[in-house]
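**Student:** So TrEMBL lists these for the protein:
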TRANSMEM  B:12-31  transmembrane segment
TRANSMEM  B:43-65  transmembrane segment
TRANSMEM  B:86-109  transmembrane segment
TRANSMEM  B:121-138  transmembrane segment
TRANSMEM  B:150-170  transmembrane segment
TRANSMEM  B:190-209  transmembrane segment
TRANSMEM  B:221-244  transmembrane segment
TRANSMEM  B:273-294  transmembrane segment
TRANSMEM  B:306-325  transmembrane segment
TRANSMEM  B:337-358  transmembrane segment
Amino acid sequence: MWSTIVSYIPGWVIFMQAALTLLCPLGIYYIYKKLYAFVSNAGPKMKANAQPNKDSTADSQVSGQYEADLSYVQQAIGGNSDVNFREFVVQGYELRAVLIFVNGMQDEESINRHVMQQLMFGNSGMKEEGQDSRETLTLSALKANLLPLTELEEVTELDKLQERILFGYTALLIEGIPAGLLVGQPNGSIRAITEPTSEALLRGPRIAFSEVLSENTSMLRRQGLNKNLEMKVYEVGSLVKRKLVIAYMKDIVNPDLLEEVKTRVSRIDMDFIAESGYVEQLIEDNVLSPFQQIQNTERPDRVINALLEGRVALLLDGTPFALIVPVTFSMLLQSPEDYFERWLPGTLLRLLRFFAAFMALMAPALYISFISFHPGLIPTELVISIIETRQGVPFPSVIEVLILEVSIEILREAGIRLPKPIGPAMGIVGGLIIGDAAVNAGIVSPFLVIVVAVTAISSFSIPMYSAGITLRILRFVGMMFAAVLGMLGTILFILLIFIHLTKLKSFGVPYVTPFSPLRLSDWKDLYIRAPLPLMKRRPEMMKTQKKKRRN
Amino acid sequence: MFERSDPKITSTQAAIFLTNTVLGAGILTLPRSVTESAKTPDAWISVLLGGGIIMLVIVLMVKLSQQFPGKTVYQYSRQIAGSIPGSFLSMLLIVYFIVIAGFEIRVFAEITMFFLLEGTPIWAIVIPFIWVGGYLVFGGINSIARVYQIIFPVSIFVLLLCYFFSGRLFDLNHLRPLLGDGIMPVLRGLKSTILVYTGCEVVMTITAFMQHPQQAVKAMLTGIGIPMVLYLITVVMSIGGLSVDSVITSTWPTIDLIRSFEISGFFFERLEFPLLVIWMMQMFCNFCSFFFNASLGISQLFKLKMAPIIFGLMPFIFLATMVPVRINDVFAIGDAIGKMGIGIFFLLPVLLSLILIVRRKGLKQNV
């Protein structure tokens with residue numbers, strides 16, 4: 001009895017392996033924890049930094065004493081060569097006034113006509129009505145009677161006034177009035193509105209967001225009449241401040257989601273937010289995940305559709321890319337065109353994209369595992385023809401795949417930077433000639449060229465560029481798994497991705513909804529794009545206030 | 001916010017959890033083991049009968065668990081039987097789960113080495129598998145249930161596809177005569193059918209995690225019904241396609257069945273590859289269920305956090321996997337697990353229910 005038991009006690013090698021089983025994941029776990037703690041400690045803190053419509057009271061207010069205010073401003077920003085001070089006298093009141101603006105950013109004509117002319121000549125009639133108006137020129141009277149401008153903002157803090165002037169506003173200071181008036185909007189040069197380059201469509205609106213926030217919000221407003229589209233402005237960036245607009249449908253959005261977005265935005269702490277990508281990275285759920293948890297788009301129609309599904313959009317000044325939260329995995333494979341075309345073509349394209357995503361992720365890994373490990377599992381004739389073409393190839397399949405994949409990636413990266421006229425030419429040279437030459441030189445097999453080309457094209461068929469990058473990264477990981485354990489490695493890789501995806505959340509919404517948690521009613525907008533009359537409800541996963549899309 | 005942070009699963013998830021816990025190794029081993037003991041084509045009746053018995057067992061387990069809403073067997077066993085006997089019973093269940101986990105991986109590794117990775121050392125297959133399983137178990141019940149929900153439809157689809165195509169080999173004469181040797185062979189076959197349903201003990205823990213525990217009976221019966229039907233189809237198809245004699249002599253009859261026909265003009269020609277892929281995923285689910293339940297048990301028994309236990313269990317599961325030396329030892333362990341399962345059944349749900357009834361009805365205690 002005892003000896004039987006002893007004979008089953010494994011040898012010390014097994015125990016060493018058991019120790020390895022324990023130590024490796026412990027090490028990985030430890031490193032992950034450290035890394036996560038490091039990243040999140042370095043990141044945004046819990047305190048609220050940006051607040052909507054900040055009402056901080058600065059020390060120096062506009063006093064209304066002309067000399068003092070003017071000299072204060074002159075001292076602070078008068079040293080800049082492009083800041084101009086145009087002093088004049090308000091006719092009829094004999095008050096001194098000054099216009100302060102930055103060269104090249106004022107709207108010359110409108111200022112001349114609506115401010116200078118009005119104040120210097122236009123109010124002669126008023127004086128006759130009331131002789132004592134010299135004493136009663138108040139702020140409200142000025143705004144009501146003298147300045148025929150739609151956009152007129154008053155600023156009482158001198159520091160804020162200086163910031164605005166330097167940003168391009170034209171400021172007006174008048175003797176006796178305890179506020180600075182911003183009479184002219186910044187009028188810098190802006191880019192014309194173009195087609196969305198990163199999300200081009202054959203059918204659909206050809207309008208894309210531009211760099212100017214007011215243009216972008218107006219594009220959203222112009223999508224249609226609606227009184228529930230609400231936009232809240234935040235100021236982000238501690239050193240160089242920028243406007244960030246949170247847009248949502250008041251009557252649809254889940255209030256909890258909105259609250260979460262607001263708290264995360266107010267936690268942003270950075271000296272300058274250069275692009276919405278900064279915002280994305282500062283408010284996302286999991287920094288260490290390869291999957292994007294926030295969608296970026298430059299299409300207003302995409303944003304408005306997302307808002308109607310109960311999502312929230314973030315628009316940053318100075319970038320044409322708006323952010324949409326929360327995002328789920330299936331959204332990355334959807335394109336607005338699916339809805340613009342009829343439902344059958346839309347469904348076909350959907351299915352095609354799912355297949356393409358699978359190919360882009362797995363094709364090289366499958367090639368490696370089949371060729372190197374399990375040639376017996378593919379049909380015999382196919383295997384013979386593949387083996388024949390691989391005859392002269394001196395490398396194991398993983399090296400072979402890596403050579404070609406890496407060159408394709410380099411080519412793709414270079415393609416973005418190539419000057420437009422020679423781009424296509426280089427593409428042909430790189431893709432066709434190198435591929436062909438590599439086959440002729442016997443470095444790679446022609447079958448692999450097909451695999452790699454299909455992979456590359458597949459990853460371009462994914463409508464979201466950033467999602468394509470994710471798949472590109474993961475493809476290399478998958479190749480490593482396949483190279484070590486063949487088919488088993490590939491399956492473990494797929495399982496790892498599944499597990500990671502189920503753990504991932506975007507603003508509290510599980511990333512793989514509606515696959516799991518299963519929401520069958522959302523499946524009509526997943527693999528298939530159901531006919532529009534069937535899409536009566538908003539996505540269940542968003543837990544919106546209004547469930548139905550119709551009255 | 002959107003998702004409940006407390007560990008609760010829906011009734012669908014619970015049913016799939018049970019299905020994925022039970023459906024696994026049996027797909028490949030059941031036809032041989034059941035025909036070996038029954039020795040007649042009536043083996044499929046044993047599967048049906050075994051399933052019926054297991055369903056009764058599950059109803060008992062669910063009813064017991066429903067008496068203690070939100071509590072797992074590890075918690076209420078101490079409440080019913082007292083601290084020390086309860087802990088002992090929980091320990092027994094934990095050891096049982098660990099042994100099954102090791103057994104599942106071992107079967108998995110044997111098949112992988114046999115069909116896919118010849119010459120690969122066994123540890124190279126087992127260790128990464130345990131690691132990936134650990135990663136899943138870390139996510140807790142929610143994560144596990146979601147992964148199962150993704151894998152489940154794919155598995156069912158591929159399995160049914162394989163059986164559908166193997167229908168061309170099906171010969172009804174292989175299944176005849178019906179009950180030619182009387183009812184005895186069917187009863188002999190029951191022994192091995194019980195083994196494929198081992199793992200249904202997880203019912204006593206999943207019920208605690210259900211969002212609507214009142215639906216537990218329906219969910220769990222669905223959860224066991226799906227593997228029962230699939231096992232039934234497996235056995236019927238294997239015997240009908242290969243005949244009783246070849247099923248008994250073949251080690252992995254299901255794979256032999258799928259291998260024995262080719263679909264010309266299809267990319268794969270033979271369906272054994274997709275079958276193996278989904279079977280591997282299914283084994284992964286099996287393993288993770290037991291891994292999770294074992295670590296949950298330890299954590300609730302000793303009031304520890306999950307993370308260190310998950311790490312701590314990894315080497316033990318590895319050792320449990322490596323203890324059998326030859327494949328015959330593996331099958332011997334399989335039989336032992338079947339017997340242990342019956343023992344566990346009498347010790348946990350039956351005994352606990354009896355004590356509970358005695359204490360509540362007889363002694364009028366408030367348990």
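Note that Cβ sites are derived from N, Cα and C of the backbone, with glycine treated the same way.
Help me understand the surroundings of these features in the structure.
**Tutor:** Within the same chain, residues 43, 47, 103-104, 107-108, 111, 144-146, 148-149, 151-152, 155, 159, 192-193, 195-200, 202-203, 206-207, 209-210, 216, 219-220, 222-224, 226-227, 230-231, 234-235, 238-239, 247, 252-255, 279, 282-283, 285-286, 289-290, 334 sit at least 6 positions outside the transmembrane segment (B:12-31) and bring their C-beta atoms closer than 8 Å to a C-beta of that stretch.
Using a Cβ-Cβ cut-off under 8 Å and counting only residues 6 or more beyond its ends in the same chain, the transmembrane segment (B:86-109) has close neighbours at 24-25, 28-29, 73-74, 77-80, 122, 125-126, 129-130, 198-199, 201, 280, 283, 286-287, 290-291, 293-294, 297-298, 300-301, 313, 316-324, 330, 333-334, 337, 340-341, 344, 347-348, 351-352.
Long-range contacts of the transmembrane segment (B:121-138) within the same chain, counting only residues at least 6 positions beyond its ends with a Cβ under 8 Å from a Cβ of the stretch, are 105-106, 108-109, 112-113, 144, 147, 284, 287-288, 291-292, 295, 306-307, 310-311, 314, 317-318, 321-322.
For the transmembrane segment (B:150-170), the residues of the chain that approach it from at least six positions outside its boundaries are 16, 19-20, 23, 27, 226, 230, 233-234, 237, 240-242, 257-258, 260-261, 263, 271, 274-275, 277-278, 281-282, 284-285, judged by C-beta separation under 8 angstroms.
Remote same-chain partners of the transmembrane segment (B:221-244), defined as residues 6 or more beyond its termini with a Cβ less than 8 Å from a stretch Cβ, comprise 14-19, 22-23, 26-27, 30-31, 34-35, 39-41, 43-44, 47-48, 51, 54-55, 58-59, 156, 159-160, 163, 166-167, 169-172, 174-175, 193, 196-197, 200, 250, 253-254, 256-257, 260.
Beyond the ends of the transmembrane segment (B:306-325), by six or more residues, the same chain brings 98-99, 101-103, 105-106, 109, 122-123, 126-127, 130-131, 134, 137-138, 140, 291, 294-296, 298-299, 332-333 to within a C-beta distance below 8 angstroms of the stretch.
The list of residues near the transmembrane segment (B:337-358) in space but at least 6 beyond its ends in sequence, with Cβ under 8 angstroms from a Cβ of it, reads 57, 60-61, 63-64, 67, 73, 76-77, 80-81, 89, 92-93, 96, 99-100, 103, 191-192, 194-195, 197-198, 201, 204, 367.
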